[in-house]
Amino acid sequence: MTTDTIVAQATAPGRGGVGIIRISGDKATNVAMAVLGHLPKPRYADYCYFKSASGQVIDQGIALFFKGPNSFTGEDVLELQGHGGQIVLDMLIKRVLEVEGIRIAKPGEFSEQAFMNDKLDLTQAEAIADLIDATSEQAAKSALQSLQGEFSKEVHELVDQVTHLRLYVEAAIDFPDEEVDFLSDGKIANALYKIIDKLIAVQASAKQGSIIREGMKVVIAGRPNAGKSSLLNALAGKESAIVTEIAGTTRDVLREHIHLDGMPLHIIDTAGLRDTTDTVEQIGIERAWNEINSADRVLFMVDGTTTTAVDPHDIWPDFINRLPTNLGVTVIRNKADLTGENLEMTEEKGYSVYRISAKTGLGVDELKQHLKSLMGYQSNLEGGFIARRRHLEALEIAASHLQLGKEQLEVYLAGELLAEELRMAQLALSEITGRFTSDDLLGKIFSSFCIGK
């Protein structure tokens, strides 16, 4: 990382009441002397004029100076808070760039400086972007928890436990002549089991955090005229899809993005699945399967007037057998207003079965509660945190290495191989917080930030 002094507009582009220009780096003091004529007292608001090189006033407002390392970035930071007109702000940035050694900041570079100066770790840096991009109150609360270090704390505890166990195992290997067989006395196994249990709990929280950030993709699938589009409309609370009595009305994928008590849900209505010679309908069915294969959950819509079966393997075995392994399925017996079925949820061979009427709305609220529970909804998420897909992947890699290490210990008492699996798990976990992270990954993460962060 360079030690350049950087400048950018910290407030959103456009017209506003206040506009903020942020400068970070060792030449921030030079900017203060050039633009203000003096260096403001650190951490005090200084009302003054912002001047051009010729001494002409560009704007007037508040100047704030933070002496590094006691600043967000860890560098000397100067913030100029003036009027929010874009022309004025552009003039001010142009003036700052006239000072030697100043350049425009790249996206996320202020946060990158903070990361490089150990002011925050990678999950906290990502949480800044997640807090800005939050689309619900719960997402904002969870992002703030991550920014305050809740996720980092969990990961650091895991890393410390894995590191401690690895050192213990390596010590056992280095001193094989000790009377006690460290690998078989149960201490290492118990410590490993506790780490695995802890990791499973963190994975569950991270999965929920990922859903809060990215949402859950739910695909409504089934035969033509089962009521899929009616269910989409009922869940969305508006007429998003055309509904007719003609089978095959929906020929393409329809998407709706809604929030259930702050939990983002991506609902996808698909073409009815059947054998057909209609070219356009065939394309729609192919697209439907593409959506199903990438779904987090499938709502299997069944026309309750056509069958009394509740086991999906009895209703349509070919459909169930074609679904991806481990894809969750909820069976929806629709048209309960016609069949007279009780609006109850039952479990049938591991499948949740709901009776609803998408047309009248009967049972839809219960289905929404079901979807919220699948997303891990809690009425109070003060202790939750935001997680990204890369975090889930790193946790999964760490889990796989710990499981392999468990096998090496239980089956072979292979201390060297256990130590290596622990090392790999440690590296995977450390990548989450950025303790061991490639420059390519850092560049990718920070480039997704807005310019002034």
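Every residue, even glycine, has its Cβ placed from backbone N, Cα and C.
Keep in mind that this is a model prediction, so the values were computed, not measured.
According to Swiss-Prot:
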type    : residues                           : note
BINDING : R22, E79, K119, K453               : (6S)-5-formyl-5,6,7,8-tetrahydrofolate binding site
DOMAIN  : 215-376                            : domain 'TrmE-type G'
BINDING : N225, T244, I246, T249             : K(+) binding site
BINDING : 225-230, 244-250, 269-272, 334-337 : GTP binding site
BINDING : S229, T250                         : Mg(2+) binding site
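N225 (K(+) binding site) is 11 Å away from K335 (GTP binding site) when you measure Cα to Cα. Nearest to N225 (K(+) binding site) in space, judged by Cα atoms and limited to the binding-site residues R22, E79, K119, A271, is A271. It is N225, among the binding-site residues N225, S229, whose Cβ has the fewest other Cβ atoms within 10 Å in the structure shown. Within 10 Å (C-alpha to C-alpha) of A271 (GTP binding site) lie the following binding-site residues from R22, E79, K119, S229: S229.
Nothing from the binding-site residues R22, E79, K119 places its Cα within 10 Å of the Cα belonging to S229 (Mg(2+) binding site). A gap of 51 Å separates the Cα atoms of R22 ((6S)-5-formyl-5,6,7,8-tetrahydrofolate binding site) and K228 (GTP binding site). Among the listed binding-site residues, namely R22, K228, the Cβ with the most fellow Cβ atoms inside 10 Å is that of K228. Neighbour density around each Cβ, counted as other Cβ atoms within 10 Å, peaks among the binding-site residues E79, K119, A271, K335 at A271. Between K119 ((6S)-5-formyl-5,6,7,8-tetrahydrofolate binding site) and K228 (GTP binding site), the C-alpha separation comes to 50 Å.
Geometry remark: K228 (GTP binding site) versus E79 ((6S)-5-formyl-5,6,7,8-tetrahydrofolate binding site), CA distance 54 Å.
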